[in-house]
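A.B. asks: Swiss-Prot lists these features:
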type	residues	note
BINDING	37, 38, 39, 96, 97	ATP binding site
BINDING	131	Mg(2+) 1 binding site
BINDING	171	Mg(2+) 2 binding site
ACT_SITE	195	active site
BINDING	197, 221, 225, 226, 227, 228, 229	D-ribose 5-phosphate binding site
C-alpha cells in the first residue's frame, strides 16, 4: 500500500477516527484551530512530502467554518509537497444550491464550492450520496460519489423485525432512490407520496400512491433537514393504516425545529449515518439510531490509493 496519510478537521473527528482504525493507520498530526480574531489556523506537524493524503471533513454546520478548514488544510498540505490530496467529504454542504430555479437571480453555490476546492489543489474528491449526482460535473477533478444504501439496507434486513415491509419515497424526486432500495430488499413493494398544493394559500395535500395498510413503511431519503415534511409524510401513512413507519437517510442535517418534529409519534424510528455528528438535543430523543459508514469509506480510500475500481464496490 502506498504511503497513506489521513488528516481531519473539526467537523467529523469521530468518523475520521473510525476510518483510520479500519485502515490500521493513525490520524495525521495537524493543528486545526482558531487565531484570537477567529481566523482559521492550520499547521501540519509531520512530513507529508510525496504522500498520498486524504483529508476527512464533512462540510456540515457550521458549514462555512468547516469548508474553510478543509480549504486551508488543502493549501497547507499542497505547500508541504504532498504527492496527492483527496478531499473526503462524507456530507457535501451547499449541494442543494445546484441550479437556478426559473432563472432566479441566485448563485449556483455548489459550483462555486467545486471551483474553490479545485483551485486550491485538490486532486480528487470522495463524497457520499450527493444531493444531486450532476454536481460531479461541476468539478475539474475526478469525483467518486459512493452510496450509503448498502449499509442502510443491511440494517433493514438484519436489525429490524419488519412485517410485510414497503419502501416509500417521500416525493416524486426520490423515486429512483426508493426503487433501488426496494430492489435490494428482495424487490419489495413501493409506494410514493405525491405532495400537491391545490391553489395558493391552501394547505399542501399528500396523496399516497400504493397500498400501505397494515404494513411497515420504510421512508427513504438522502438527507433529513428540519424533518417537517418527513413527519407529515409519516402522519399521512399512519392515517392510511400503516402499522409502523421507519425513516432511513444517509445525512442527518437536523436543522431548525428538527428535534421537535422528530419527536412526533408518527415516526417509530429514524436511522441515519455518521456523515454528520448528532447534536445533544437530537441524541436526547432516543429515537435516532446511527450507523457508521467508516467501513465503506475506508474501503473506498484503500481502493483510490491502490488505483482500484470504486464502482466494483456496488456491483
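Using N, Cα and C of the backbone, Cβ positions are placed for all residues, glycine too.
A description of the local structural setting of each listed feature is requested, covering burial, neighbours and distances.
C.D. replies: DSSP assigns residue 96 (ATP binding site) to coil in the three-state reduction, outside any helix or strand. Long-range C-beta contacts of residue 96 (ATP binding site), restricted to its own chain and to partners at least six residues apart, with a cutoff below 8 Å, comprise 110, 131, 132.
Residue 131 (Mg(2+) 1 binding site) is surrounded by 17 other CB atoms, counting those within 10 A of its CB over all protein chains shown. In the three-state DSSP scheme, residue 131 (Mg(2+) 1 binding site) falls into the coil class.
Look at residue 171 (Mg(2+) 2 binding site): DSSP puts it in coil. When Cβ atoms from all protein chains are considered, those within 10 Å of residue 171 (Mg(2+) 2 binding site) total 15, not counting its own.
Around residue 225 (D-ribose 5-phosphate binding site), the C-beta neighbours below 8 angstroms that are at least 6 residues distant in the chain are 253, 254, 255, 256, 258. Following the DSSP three-state reduction, the secondary structure of residue 225 (D-ribose 5-phosphate binding site) is coil.
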A.B. asks: Where the distance is taken from Cα to Cα, which of the recorded positions 195, 221, 228 turns out closest to residue 37 (ATP binding site)?
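C.D. replies: With Cα distances computed to residue 37 (ATP binding site), the winner among 195, 221, 228 is 228.
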A.B. asks: Would you give the longest CA-CA distance, in whole angstrom, between residues of 37, 38, 39, 96, 97, the set recorded as binding ATP?
C.D. replies: 31
A.B. asks: Around residue 97 (ATP binding site), which of the listed recorded positions (171, 195, 221, 228, 229) come within 10 Å, judging by Cα atoms?
C.D. replies: none
A.B. asks: Please report how many Å separate the Cα atom of residue 195 (active site) from that of residue 171 (Mg(2+) 2 binding site), as a whole number.
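C.D. replies: Pair distance, Cα basis, whole Å: 7 Å.
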A.B. asks: At the Cα level, what's the spacing in Å between residue 227 (D-ribose 5-phosphate binding site) and residue 171 (Mg(2+) 2 binding site), rounded?
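C.D. replies: Residue 227 (D-ribose 5-phosphate binding site) and residue 171 (Mg(2+) 2 binding site) have their Cα atoms 14 Å apart.
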